[in-house]
Structure formats: C-alpha cells, structure tokens
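Below is one structure, written out as structure tokens, with a few remarks after it.
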Amino acid sequence: MNIFNILLPIVVLLLVFGLTAAIPDEKGLIFNLDNGELCLQTAQCKSGCCHRNSGVSLARCAPKAAETQKCSPLHIYGTYYFCPCESGLTCEVDRSIVGSITNTDYGYCEDQNNTTI
C-alpha cells in the first residue's frame, strides 16, 4: 500500500476539522445550532440545551434557564425536559435514584451569591 493512500484521508480529515474550527460563528448543519432548531444532543446547540416537551416530541435547541425558572441538573442524557441553569446559577433539586434514571429530577435556578432572605 502506498504511503500516499494512507496519508490522504488523514490530511483531508485534519483539513475539514481545521476549517470547521476556524469558522466558529457560521451556522452549522449538525453543530453550532441556534435556538429553535432541531437537535439530538445538547452538544449540538450554541445555548447548551437540547430541550423536549415530552418523551415523544422533537427536541429543539433552547436557552438555558434563568433565575427562578424550572431546571434540570446536568446529566448524561442528550436532551432535557427543562434546560440547565445559566452560568452562575445552580439548579436546586432534591435528587433521587429513580429521578436520576428517569430524568425527572427537576428544581429551580437559584443564585447562590444572592444574600436576600
């Protein structure tokens, strides 16, 4: 086998990945999706949340939850019924084993630095 036949696919892959990384603001077909676009995994969305309303609905990219909004803690599944909190907020939730397995541990976004009572 010729060395050219081995190196060509590697060079093409590096070129494709390099061009993709060099144009981060461009709208993507699979990654870098805007809010409202169909998604399969949270990693595809600019916002960091692939949201679905029910178990049979199509998931779409959505903004992260703001303070006092309902949220899901970060998990290993690709989609959320409620988006995780924005940066600087935490999702206060009572976790359970069943809730972790069935993705039904929900809470509300809170600012831990907020000192008002």
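Don't overthink the numbers, they just go from 1 along the chain as shown.
Just so it is clear, glycine is given a Cβ too, placed from its N, Cα and C backbone atoms.
Residues or ranges marked as disulfide bond by Swiss-Prot: C39-C50 (among others). In the three-state DSSP classification, C50 (disulfide bond) falls within a strand.
According to Swiss-Prot, the feature disulfide bond maps to C45-C61 (among others), an assignment based on sequence analysis. The C-beta environment of C61 (disulfide bond), restricted to residues of the same chain at least 6 apart in sequence and closer than 8 Å, consists of L33, D34, N35, G36, E37, C39, Q44, C45, K46, S47, C49, C50, H51.
Per Swiss-Prot, the feature disulfide bond maps to C49-C83 (among others). In sequence order, S47, C49, H51, A62, P63, K64, A65, C71, S72 are the residues near C83 (disulfide bond), counting only same-chain partners six or more apart with C-beta under 8 A.
Swiss-Prot lists C71-C91 (among others) with the feature disulfide bond, giving sequence analysis as the kind of evidence.
All protein chains considered, the CB of C85 (disulfide bond) has 25 other CB atoms within 10 Å. The disulfide bond annotation in Swiss-Prot covers C85-C109 (among others).
According to Swiss-Prot, the signal peptide annotation covers 1-22.
The Cβ of C91 (disulfide bond) lies under 8 Å from the Cβ of A65, C71, S72, P73, L74, P84, C85, G107, Y108, C109, E110, each of these being in the same chain and 6 or more residues away along the sequence.
The Cβ neighbour count for C71 (disulfide bond), using a 10 Å radius over every protein chain in view, is 29.
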